[in-house]
Amino acid sequence: MAHNDETSGQTKDAGHTMHLERHARRVNPAHAITPDELRHVHMVGIGGVGMSGVARILLDRGYTVTGSDMKDSLTILALRAAGAVIATEHKAENLDLAGDTPTCVVTSFAAIPQDNPELVSARERGIPVVTRSDVLGALLLDHDALLIAGTHGKTSTTSLAVIALQQAGMDPSFAVGGQLSTTGTNAHHGTGSVFVAEADESDASLLTYSPNVAVVTNIEADHLDFYGSEQSYVHVFDEFADRIVDGGYLVVCVDDPHAAALAERIVQQGNRINVIGYGTSDACTRHPSIPVGAEITEITPKPDRTDALIRISLPAHASANNSAGEANEAETSTHRVEMHIPGKHMVLNAVAAIVSSVLVGADRERAVSGVNGFQGVRRRFESHGTISHVYYEGASVYDDYAHHPTEVRAVLTAAREKIQAMDPVEGHQRRVIVVFQPHMYSRTEEFASEFAEALSLADEAIVMDIYGAREKPIPGVTSDLIIDQMTISAHAAHRVDEVPRMVSSIAGPGDIILTMGAGTVTMLADPIVAALHEPVQ
C-alpha cells in the first residue's frame, strides 16, 4: 500500500482535510454524552451485533433499554429476557415503549436511514441522537480502557484479550464484534476495572475513545467508500494514537509495515505515551527503534493447532497507569502458545492479547494459559463438523467471516498449513475448497484482482453472487470480475440453495471446505455438512 507522492500536495491535503471534517461531523455528536443521558437508552437497530452488545451492558448496569428492529431474532429474545422492551417495526411511537421519554436515541448512521420515523421523531422532540460508539465511550469512562484497532483481526484479538483477563481472575467488562464460544455472548458488564472493546475504524468511530492501552493489529486500505482516500484511512490511526491517555500504551504489530510505520512515527514524537511492538523475530529486527514487548521465535503448524514459542520482555510492574518513558527494567520470560485456530495471523493476535492484558495488570503466565484455552469466536475458522460418509470421510467444514483479500489470504494459508500437517488420505490428495461470497460492490470493484489472487490459494473455488449489503449495484461489477482472474478451477453460484450440491460434486475424503464472507454465505456451512452426509445419487 503506497502513500501518495508529494507532487500535488496542496490538492491532496485539502481533500484529506475535507474527509476528516466529514468524519468529525458524522462521528461526534453536538455534545459529549453524559452518564445521566444513559438513564433510558432507545436503540434503533438493536439486534445488530454491536448494538446488542452495548444494550446488554446497559441492562446489566441497571439502565432502561428500549429499541426496535425489523424482526425477532435469538439476540432480541435474549435482550427481552434481560429486561429490554423491543418492537419489531420502526415507528415514532416506539420512543414511548417504556412509558417515559428516552434520554437519548442510539443509531447506526451506516445501517439506519436518517428518515427512519424514530429518528425523525427524536429530533422533533429534542432527544439527543447519538451513535453506538458515543454510548460505548461513556461506558468506558470509569474503567481502564483496552481497545483493539486495526483493519483485520479486531474481533479475534479482543476475544483473546477477554479470555486472558478472565483467566487472570480480573472479570473485565467487554464488547466484542462476535460471539465468544466460551461465554456464548458478545458483551458483559464485569466487576473488574478493565473494559475491553473493539475500536471500529470503518466510520472513524474509534476517534470517540481515549484508551489507556490501544492495540493496532495492522493497517491496510479499506472502507474507501467512507474515507475517500487511502491517505485519509491511514491517518485515522495516527489520530487514534493521539487519543491514548498520557502514560498509556500503544501496542503495535511490527510484522505489518504500516502499523510499524505508525509506531515509528509515535516513537519519534517523544515520550507522551509508551510504544510496545510485538511480532516475529525477523520483523522485530527490522524495526530497531520500536521497543519489543513480545517476540515470536518459532511457529509450528500442527494438524489440530498452531504452536509458537514467544519471548515476553515487559517491565515487571508495567501498567497502563505508568508514566510514559518510566524506566522500569524489563523482565523477560519464555512461553509456549498453543492456538487451536490455525494460522500465523492467529498467533499474532494471541500475542497482542497477551501483551495488552499484561499491561492492564494480568499475570503473564495466566494470560498465556487463557489464550491457550481459547475456543474461538463465531465465524472465525469455526468448525461445523467432520464428515463420516464413505465418499467424503474425514472432510471437514469451516465457516469464516473473511471478506477482505488479506483476510482471505490468511485463512486459506492457515488451511493449507493445516492440511500439510495432516496424515495423507489413501487414494486422494487432500484439498482446500472455498465457497466465497464477495461483500459489497465497491469492495469487489476495488479489490477484484487481489481477491482472485488470494482465493487461488485454494485448490477449487465456488464464488457466489455479490452480497450488496447497504450498497446499490454498480454497472459491470459482478463476481465474474474475480472469477475471470483466478488461476484455479472456479465455479459461479447464482443461487444460495445450489451451493451444497455443488460442493458435494467437488469434495473428496479429507478435504477442508471453507465458507467465507460477510453475507448470506454464513447460512451454508450446516447445509453443506448435511449434503456431504447424504449418499451420492
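Each residue's number is its place along the chain shown, starting with 1.
Cβ atoms here come from the backbone N, Cα and C positions, even for glycine.
Because the structure is a prediction, the values reported are computed rather than measured.
The feature domain 'Mur ligase N-terminal catalytic' is assigned by TrEMBL to 40-140. Per TrEMBL, domain 'Mur ligase central' is recorded for 148-355. The ATP binding site annotation in TrEMBL covers GLY150, THR151, HIS152, GLY153, LYS154, THR155, SER156. Residues or ranges marked as domain 'Mur ligase C-terminal' by TrEMBL: 380-519.
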Which same-chain residues, if any, lie at least 6 apart from LYS154 (ATP binding site) yet have Cβ under 8 Å of it: ILE148, GLY177, GLU198, ALA199, ASP200, THR217
Overall pLDDT of the domain 'Mur ligase C-terminal' (380-519), taken as the mean: 91
DSSP-derived class (H/G/I helix, E/B strand, else coil) of THR155 (ATP binding site): helix
Residues flanking the ATP site, with Cβ no more than 8 Å from the Cβ centroid of GLY150, THR151, HIS152, GLY153, LYS154, THR155, SER156 and excluding those residues themselves: ILE148, THR157, THR217, ASN218, ASN349
Neighbour count (Cβ, 10 Å) for GLY150 (ATP binding site): 24
Reduced DSSP assignment, GLY150 (ATP binding site): coil
Secondary structure tally of the domain 'Mur ligase C-terminal' (380-519) (DSSP, helix then strand then coil): 49 helix, 36 strand, 55 coil
Intrachain C-beta neighbours of THR151 (ATP binding site), sequence separation six or more, cut-off 8 angstroms: GLU201, THR217, ASN218, ILE219, GLU220, ASP222, HIS404, THR406
Secondary structure content, the domain 'Mur ligase N-terminal catalytic' (40-140) (per DSSP, counts of residues): 42 helix, 20 strand, 39 coil
